[in-house]
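What follows is a short report on a single structure.
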């Protein structure tokens, strides 16, 4: 009986306020160099799949391609299905280089010998990868459950241990976990206020005894040993932790490390983390060193460094402090490209066309992904306009945040992606960006709304802004009957957003077949008190300072 074929359509993963805009092209090295450095791939056949299934614990087998050859996402958030060549130009180089997409394996085993070789499933290790710790052979794992590792988090050598020691510790941990499970099972039906058992009391006394000497200072010999270890290995090894605290607390810390390493290994096996590509932990951006929050698809040769150096004006990314210093000596940029459409005091907003300034916009999207969870597009920036907010001083215009919008949005979305840089968060700049987007909608004589779906944090930010707009409108309203349509025309806020905000404020009531808007004076007085306490500050958008006309066409 023939099997029915099923087609699976992957939907767009765009997020309203944090993401669906756009893209930055992937960095590629010279083709002659890349040919020599390409890792060897193993051919994947049905026989190898059956062998892999029988030898692995997990029944599901997935195929993955090489990380540096994965195609860019389309505007819908999916990988393109065409087998034609795709332009994946470097964000820091020219646009003329392109790579071809590998042909997919077909159902038939015929002519498999002529097919391009594929990497094995996720559970099969890529032996071309190597742990970044100097002197490590990638054997063993901190959890004691895996034969190899590819990241510092699972490296026994980095944690000053051997692979055999990790296995012994894993066995001990498993034994303790089994004992604790038995103890929990016996105490499951105990009363809530039952007195501690004698065993629990003895254990508590032992822990107290072990922790007595944890605050005592280290002997001089140990301090010298620790300093020598630090000078010899620097940041490539974990500091020696013995005798710094009690053995009990140190063991708790080791358990937490092993559990975190095991969680990362599971994500890697599931394909949610690509080997060696998620290592950017901090970026040096202007006078700030920023801890990153999420993975961003920078080229692997940059991502695996762990620290990235970014020019705060042109957003070019570099590998070292020396390269950044030389670049800053030659960089002539002191503000974003494009037209300055707003200026009041030190705050300016620049309109940047994704088609005219493609490299800058792609680098901006890669930078934004380090702090946005739901952003899915980085390369196709041409259909978007970017509005970049800056704060000026005597050294230049420093990036505060930005939002992007489609040039032609059929659903009247006025924001596709919005971000405030971490060093400027909780200072009112996010609300300024939202207010500016609605000011542009007013000039266009349109009703705007952020692109859906909204993330949780995006919904909180917009709901706060909509609440303030509605309460200000109610405070200044002098008539007897209020209309949602009139509020929408006055504020440029979509009626759907107005209704949802009124419902959350419990200001919308259904009575005798009609929807009534309730004017809650307590909320209005509370808002007015906050406005008075806040006083006059510069964190507001002045419509008279806008010098902008809606762009025509694309």
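Just so it is clear, glycine is given a Cβ too, placed from its N, Cα and C backbone atoms.
Listed in TrEMBL for this protein:
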{"type": "REGION", "residues": "1-117", "note": "region 'Disordered'"}
{"type": "COMPBIAS", "residues": "45-56", "note": "compositional bias 'Low complexity'"}
{"type": "COMPBIAS", "residues": "59-70", "note": "compositional bias 'Basic and acidic residues'"}
{"type": "COMPBIAS", "residues": "75-93", "note": "compositional bias 'Polar residues'"}
{"type": "COMPBIAS", "residues": "94-114", "note": "compositional bias 'Basic and acidic residues'"}
{"type": "COMPBIAS", "residues": "170-188", "note": "compositional bias 'Basic and acidic residues'"}
{"type": "REGION", "residues": "170-223", "note": "region 'Disordered'"}
{"type": "COMPBIAS", "residues": "202-212", "note": "compositional bias 'Basic and acidic residues'"}
{"type": "DOMAIN", "residues": "275-550", "note": "domain 'MYST-type HAT'"}
{"type": "ACT_SITE", "residues": "451", "note": "active site, proton donor/acceptor"}
{"type": "REGION", "residues": "531-554", "note": "region 'Disordered'"}
{"type": "COMPBIAS", "residues": "535-547", "note": "compositional bias 'Polar residues'"}
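Broken down by DSSP into helix, strand and coil, the compositional bias 'Basic and acidic residues' (202-212) contains 9 helix, 0 strand, 2 coil.
The residue listed as 'active site, proton donor/acceptor' has a Cβ environment of 25 other Cβ atoms inside 10 Å.
When averaged over the domain 'MYST-type HAT' (275-550), pLDDT in the model lands at 89.
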